[in-house]
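Chemist: After the structure tokens below, expect a handful of questions from me.
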Amino acid sequence: MYGMEKETKMEPEASSFPPTFSVSEIKNKQRRHLMFMKLKQEKRKQKMQLKKKKKKEREALGDKAPPKEVPKTIENQRVYDETTVDPEDEEVAFDEGTDEFSAYFNGLTNPQVLITTSDRPRGRTMRFCRQLATVIPNAHVYYRKGLALKRIIPQCVARNFTYLMVVNEDRQVPNGLVLCHLPDGPTAHFKVSNVRLRKEIKRRGKDPTEHSPEVILNNFSTRLGHSIGRLFAALFPQDPQFVGRQVATFHNQRDFIFFRFHRYIFKNEKKVGIQELGPRFTLKLRSLQKGTFDSKFGEYEWVLKRHEMDACRRKFQL
């Protein structure tokens, strides 16, 4: 037939992957999920191939290979804080020599800790307090029945206690901690989360002994963090008994303070392991108050303002 052109069969184009459109545009839920998983698997394959290629290049170059790139994390991208403490700063040394903890660090006082709770605590909170008393030497647990803290503090000072620790609870779960240094303060208020008692920790060791533990304080770098670190350090005696092989760790990471209690396990002359004893918990500083506890007329050195201070994820207070 005149003008008739030969029909050419259209060959299907090779489907390109990843797709040129957004996966979220797919309306069908199952198809969208399947496409997302394929895309994720393809990216993983490409990443592994690139990793193997770089490894072969490093092996081929040997000593001439360029240094490995340091991965970017929130910690190493941290915004510089003007209050970061320099250990050789004369002003910091003077403040440490005249602050509320100077008597402890000069060896003039021995820590004595009174641990109590909110009114009429439940069983889990009391077990948590008793286990804290086995971690902190010279700690005593007091069951509180409606007695105000303003009446407890003068009694603690009269009996030579250096700390008052109050564990608060909500729905039978510990959720707050008030740590008051006596007799002149300061007082810190923490939020408590992720509490694990000894029975809830897998592969835990035997109950701790009465030996004074070592204390490790990590990443308390600012002036505020330095004060909180000294507040924790003054809870324990300055002369740890290394025979007990016990260590208490306060690790600050992104303004969350993780507490762990371990025991050294010497496998041989070269290898050393650690065994967690418990309890474990996480602290988040809410406020730091001058002097002893006073909820109405107390003067606050620092108060957490979440919407202002947590706006930038790379800026930390401790």
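Each residue, glycine too, has its Cβ placed from N, Cα and C.
Owing to the predicted nature of the structure, the values given are computational and were not obtained by experimental measurement.
Marked as compositional bias 'Basic and acidic residues' by TrEMBL: 1-12, 57-69. The region 'Disordered' annotation in TrEMBL covers 1-69. Summarising the annotation, TrEMBL assigns compositional bias 'Basic residues' to 29-56. Taken from TrEMBL, the feature domain 'Brix' applies to 111-294.
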Chemist: Below 8 angstroms Cβ to Cβ, which residues of this chain, lying six or more residues outside the compositional bias 'Basic and acidic residues' (57-69), approach it?
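Modeler: Distant contacts of the compositional bias 'Basic and acidic residues' (57-69): none.
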Chemist: In the compositional bias 'Basic and acidic residues' (57-69), how many residues does DSSP assign to helix, to strand and to coil?
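Modeler: Helix, strand, coil within the compositional bias 'Basic and acidic residues' (57-69): 8 helix, 0 strand, 5 coil.
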Chemist: Tally the residues of the compositional bias 'Basic residues' (29-56) by DSSP class, grouping H, G and I as helix, E and B as strand, and everything else as coil.
Modeler: 28 helix, 0 strand, 0 coil
